[in-house]
C-alpha cells in the first residue's frame, strides 16, 4: 500500500512524467577544463526541482516525507482508538438505558450541562414529556435522572471529541502539505463519515422519542437506525485503522501463491461475516431480543423455536421478530467463531510474517473471549 500511495522520491524525480513537465537544463560543457561548469540557462529553464517549485510559488515538493507519513499514520491510529472508545461507551449507555435522557440536540448549546437546581428541574420536566418517562420511568427521581443524563452526556461529548480528533489535525496536515493526493481523498471521506455518524446518532435517538398512541411497549430506538449507527462506526474504525497501519508498517513482499490468495480471500470473507454478526447484534439490542431465551445451545426446550416465523410476511421476522433475531445472531456468532478458527489453522500451513501470525492468534483469542463473555451473560 505504501508503494502505491507514496513512490520513492528518487523514482518520482527520474520519472518521464516529471521530465516532460520541467524544462530541461542546459547540457554540461564537454571540454576538460569546464566539465563541472554548466552553460548559462535560458529564461524558463531550471536546474533543479527545488528551483522549479520555488518559481511556481509552491516552495516545496508535494510528495510527503517518511516522517510525515509516520505522523499521519499515528494520528489515524489514535483516531481509530477514539472510535473504539465511542462504541464501547455507546454500549454502556445502552445497557444503562440512558440513551433517551437528553431529549434535544444542539451542537454547541448542550455542551454545557445544567449547573443549578432550577436548570436540572427544567431538564427533568422536558424529559417527563416523552414516552420513556410516561411508560417506563414515571417513578424516577431527580437523582436517578441525573445519572442517566450524565451517561448520555458523556457519550455525546465523546462523539464531539472524536470529530475534533479527525477534523482539526486533518486541516493542519492538509495545510502543511503532508497528505498525498490519494490520502487527501481518504481523509475527506473519513471526516465526512464522522459528521454523518453524529447526525445518524441523533436520528436514531429521535426514533425513541416519538409518541406511539397505539403501542404500550417499552419506548426504544429503531433497531434499523441502531444497526446503521453501529455499522457506520465500525466502517469508520476499520477504515482509519487500515489506513494508519498501511502508513506505519512496511509491506511484506510475499510470493503470490495459490495458497496465499485463497487465504486472503477467506480472510476477507471472515471479516464480512464478523461485520454482519455485529450488525445482527444491533438488532438484538434494539429489540431486547436477548431477553427472549436465556438457554444455550437450545432455545428453551427445542433447537428451533416454534415462534420463529410468527410475523407475516416472512421476511419481516428477520428484522422484527425477537425470536428470529436472536436465533440469527446465534447462528452468525457460531459461524464467525468457526470461520476464525479455520482461518487460524489455515494460516499455520503457510509461511507468513511474524506479525501476521500474531494477528491470527490474537483474532482467535478475541473470538473465544467474546463467546465466553456472551455465555456468561446468558447463564
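Cβ coordinates come from backbone N, Cα and C, glycine included.
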Among ranges 225-249, 300-324, whichever one TrEMBL labels transmembrane segment: 225-249
Range among 33-53, 54-74, 75-95 that TrEMBL annotates as transmembrane segment: 75-95
Per TrEMBL, the range holding transmembrane segment, considering 130-148, 187-205: 187-205
Ranked first among 157-175, 225-249, 270-293, 329-346 for CB pairs under 8 angstroms with the transmembrane segment (75-95): 225-249
